[in-house]
Amino acid sequence: MRACHACVRYTLTSFPSLSQASRMTGSDEDGDSGWDAWGTWSDCSRTCGGGASYSLRRCLNGGNCEGKNIRYRTCSNMDCPVESGDFRAQQCSAHNDIRYQGMVYEWIPVPYEPSAACALRCQARGRSLTVELAPKVLDGTRCRADALDMCISGVCQEVGCDRQLGSGAREDNCGVCAGAGSTCRLVRGQALPHVSPEERRYTTSSAMPEKINSSLSMLTFYPVSISLHTESLQGHREEHSLVSPGSYIIGNTTVDYQKGTDRQTLRTQGPLGADYIIKVKYAAPKDTMVQFLFYQPIRYQWRETDFFPCSVTCGGGYQLNSAECTDIRSSQVLPEHHCNSYPENTKPTPKLKECNMDLCPERWEQGPWTECSVSCGESGGLQERSVVCVEDDTHGQITQVEEWKCTHSPRPITQQSCNSFTCPQWVAMEWSQCTVTCGRGLRYRVVLCIDHRGQHTGGCNTSLKPHIKEDCLVPVACHKPRESVPVEAKLPWLKQAQELEEQRTATEEPTLIPGSWSPCSVTCGLGKQTRELKCRVLLSFTQTEVDLPEEECGEERPQLERPCDGGACTLGPGFSPDLQDPQGPHAQGEEPHHWDYRGFSGCSASCATGEQTAVVRCVSRERGGEEVDDSLCDPSSRPPVMGRICNPEPCPPRWEVTAWTRCSASCGVGIQTRSVFCMRVLSVEQQDSVSVSENECREFKPPILQPCNQVDCPPAWETEPWQECSLSCGGGSQVRKVFCKQLLSTGAYWTLGDTACPGAKPAPHRTCSKTDCLPYMAGGEWGKCSVSCGLGIQRREPVCQRLTSAGQQVMLARRLCDGLSSPPLETIKEPVKRCPLILGLSRIYIQTRQEKRLHLTIGGRAYLLPKTSLIIKCPVRRFQKAYIRWEKDGRPLHSCKRLGVTKSGSLKIHSLGVVDSGVYVCIAGPASDSFTLKLIGSDSRLIDRPVENESDPEPGLDLTRIQPRFNLQDWDTQGLPHCLPFTPSLKGPSLSLLPGGVEASVLQVQAGALVLQNPPMTFQRSLNISVEFAWRLGDWTACSASCGDRGMRTRRVRCVTPEGREVTPSVCHHLDRPVSSQLACNLHDCPPSWVASVWSKCSTSCGRGWRQRQVSCGQVESGGAVRTLAPSVCGRNTRPADRQECTCDNCPAWVTSPWGKCSGKCLGPTLTVQKRSVICRHVNGTTHPDCDPRERPVSVRNCSSELCDVHWRVGPWRACTAACGSGFQSRRVDCAHLRSGRTLADQHCTWHRRPATWQHCNATTCGSECKDTTHYCAVVKRLKLCPIDMYKQRCCESCLQEDGST
């Protein structure tokens, strides 16, 4: 076959169904007056597949209660496993081992029978034998296999798609139970491709809609070939070509395919089990049409999220939710533009609800600690605070209450000791070397103010500060005269003494930090230096310093000004240059200022590898390396920038947050969200960080949402979604409700009048479905009624029509509607007038002795002796007796000498003869009734009349079986036979033997004999009567509804005798029963009446309350729509109550969750806290604010945890910062677990004091370079004075040579 150049393709997709629930029958609504309480529910009749459970109650006033004593509900609604089989089949198979009429059969269920839907009727496999094995199936058995309706107590009960009794829930076009049809869209259309004779025979035209979820219907005209291609969600592919009609299982879905001479039909019900591609191949060069209809699901739909956490844990808060765009096939959340592409999608507005309305338990409210009574000291001081018991009301107000209400938790302390440490003290370092190598000089030392932790701080009494400079004498003779004034110290000792004497660092308490001293105010001579003060505090979490206002630092202010000496001034005129110091810098040709490295800047990060840069300053050689302004140094000789890394250890895990999103609403109550991560920073410079478990972040997790824009919105128009279009095609209309509302800051809506909203009111109506409808079958004009009185039938012809987009009906060719269902073509017309009625009697009369005249009534059967005169009466109503007509054997009966009709309408026959045998019919207008007359001969046999119609054999009486013939001994004194055996199964007609005969009221058949109940005596001889019976359509039943569009009439099916007399239906059980037809009736508007909705829930969940319902005046129209009318139309006196009292016994109670992990803040060694939630909850799972607060269980308690088995782990001291003289050294101090050794956050160890992290370190005394500094070193070496430190230092080089030589 050649490749197709076009294809019709339809892609179909399945989606999961909804879960089901249980519901009770309407008996719950019965009145409770006089009834005891309902008993417990029984066990479910089934464990799966939908069963029934019942509950009983008893009447307390002697059986005069209104309502039912039993109620039902569904249960076990989950589907049964496939291997469990059909429930009705299981009940049939239970009789397989029980003999029936001596045989054992394998029983299977019979097809659905509406008249016996809940009887266990089973058929023997492979046989035509059908038997009712039980009058009722087990509760929960489906009435029929293709519906959810179930049998309960032998009655078929309606079950909705939600598997609830009497719910009336039905699947919408999208396959959603009780849905509004908003999750799919109708796709319908037709293709009219034309294939010219010049083209090849096999061509294809196609389109490709996707993802069908509900039913598919496709109709093609003229020869085509259809093939199906399926692909499951797992990727399994199949291909099928439809050739012969029938049902196919394709892609886990049943497909019905019908094929005619000029059309083909393809139908299937959703949801589908795979994606379908339908290819239609045209096989004839003529006009061809393809019609298709299906419902395409909306793949991307809005789904409301769960409510966000409550804004508070108790005392009344609120929760908000949002909506997210979801792919219903994969359940993935997608960007919003996917859902916005569907016009049917409307994003749900965020919902606001109250939460945690239970009052917060009374708690201890602690005030701030007062300032400590002392700042330091061995015994310490005291500080106090206030502690009161408070409670929070629902408005967030805090009120002080009695202290006994807080006794559920220990009362916090109100007094504690403070500042129990030694006060800071001046600590003097070792003296430096003398500033000269001979004679008199100066020496310096560093004096620091050290606190109790060994850290350099402030706060020492300046009047008690030791001096930092003193004279010194070197006992070495100078080789030339020196100035009498001691030489001032040079760097590093002078600068170190000046900078460290009052160096201060920021702490966690506000501290005044002095800045650097300014350059001296003069370049020579005596001047002054100044500096600035800043109030700073150290933030322990980020290890950064922050400036504060100076008033925050209330301590003593350090010195802001000091004198300085700029050195000797330049000599004026008249002074000899020879008197200048030959050791000055100008004498040696050096620059007076030069660049010098002065330590490093602060680390750029407190952890995760920061950087430090070497500080370069311009210093003065003349003033011993004192820093001066950078402009005094040569910029070209500035040394290069040097740096080093610092604090390389990773940072502890901490919470990282993103920026808040934009507020979801500009007014009312909006929400803002952000993401919160637990991160560990590895490198600040490279911005390298990793995400770790939230458990590693010990601080409280920052909130992920917050309310915003909590202000009242201005009034605005609010529209509800458009309701479903009144028509799916042909031009319909849609309505919606429009309100003027104002959203308040509390989240509640306030409905206002239309005048309060600005702008024009949105339209509440609009047109829709402006497309042509597909052809459909409709009914034409009704014909004439079949009768002139009583119930008749009207018929009409079907017509093919189409509703255009303009709303006009257009007639089409009949072939375009072939295969479509037609509306009812017959209906029962209400009687115009009542028809005549013949009052016949269904009796059998057997004459046993000769009499002159008998009077019998129409409607029976008589076996008479010849020469008897007979009068057959025909009593009628609503008919003139003068117009009664008689027929015999179907022919009009004319009066003659022996036969005539009386004025009362009775038939009179004189002297019966053989020709008088036959069937007589009395006719009164449309009514008629019959009477069968047979003659008995002298040999006890029926006398045959002359044969006029060989097709009418005698079905009735055979007297040849009377054994013996009528003899005197067989009759009693009145001439009556004693027994009349009766062969066929006959029930119903009476047997009448009047004077000269026998009469009984009821005739039954048992074991083949005719049994007379209450006869005058028992007969002893045999009489065999055989009758032929048949099914006949009888009268129509009363209409099931008096008005509206739900009325139906059903044609009765009767089992009758040849004369038309009705007998019991079991007599005709061996015959094929005709199908009873149904017709619509009473299709007119109902009178106005009150319509009441179901009762609402009780207003209270505990105790007495009220429940309400909606009561309105309505009228059901003939089309089924309900029109609302004014209350005055229905009459206020008969209006049902819309409010009644109710009682609920299920009061709420305190419910506690299990205790949480023992992982709170450490309070001591292995001691921490654990928490649990305490909620006031109703038995149905909802929260309530009505529990007694005094009975509330505790929610926090102390516990023991190994996580708090921690200690401060100290590392080794690092190398001293100075190779000689006085320096500092530090060590690492971490909070660690005792057993595992794992490093924890410092907050876990805060319950005991942290060890010092630095201390002073004293190295060897610093010396100069190893050179001889005096001319007397040869003498020192010769006198062997090198072992003396003083001489060894002055003659280092010479003494080192001596040590090497020895």
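Think of each number as a place in line: the chain as shown, counted from 1.
Backbone N, Cα and C atoms are what each Cβ position is placed from, and that goes for glycine too.
Curation plays no part in TrEMBL annotations; they are all automatic predictions.
Residues or ranges marked as disulfide bond in TrEMBL: CYS44-CYS75 (among others). CYS44 (disulfide bond) is surrounded by 19 other CB atoms, counting those within 10 A of its CB over all protein chains shown.
Positions annotated as disulfide bond by TrEMBL: CYS48-CYS80 (among others). Listed in sequence order, CYS48, GLY49 are the same-chain residues at least 6 apart in sequence whose CB falls under 8 Å from the CB of CYS80 (disulfide bond).
Summarising the annotation, TrEMBL assigns disulfide bond to CYS59-CYS65 (among others).
The helix, strand and coil residue counts that DSSP assigns across the domain 'Ig-like' (836-932) are 6 helix, 47 strand, 44 coil. Residues or ranges marked as domain 'Ig-like' in TrEMBL: 836-932.
The annotation domain 'PLAC' is assigned in TrEMBL to 1262-1299.
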Cα-Cα distance linking CYS65 (disulfide bond) and CYS75 (disulfide bond), given in Å to the nearest integer: 28
Residue among disulfide-bonded residues CYS48, CYS65, CYS75 with least C-beta crowding, 10 angstrom cut-off: CYS48
Packing count at CYS59 (disulfide bond) (other Cβ atoms within 10 Å of its Cβ): 14
Alpha-carbon distance [CYS44 (disulfide bond); CYS59 (disulfide bond)] in Å: 25
Rounded distance in angstrom between the Cα atoms of CYS44 (disulfide bond) and CYS65 (disulfide bond): 27
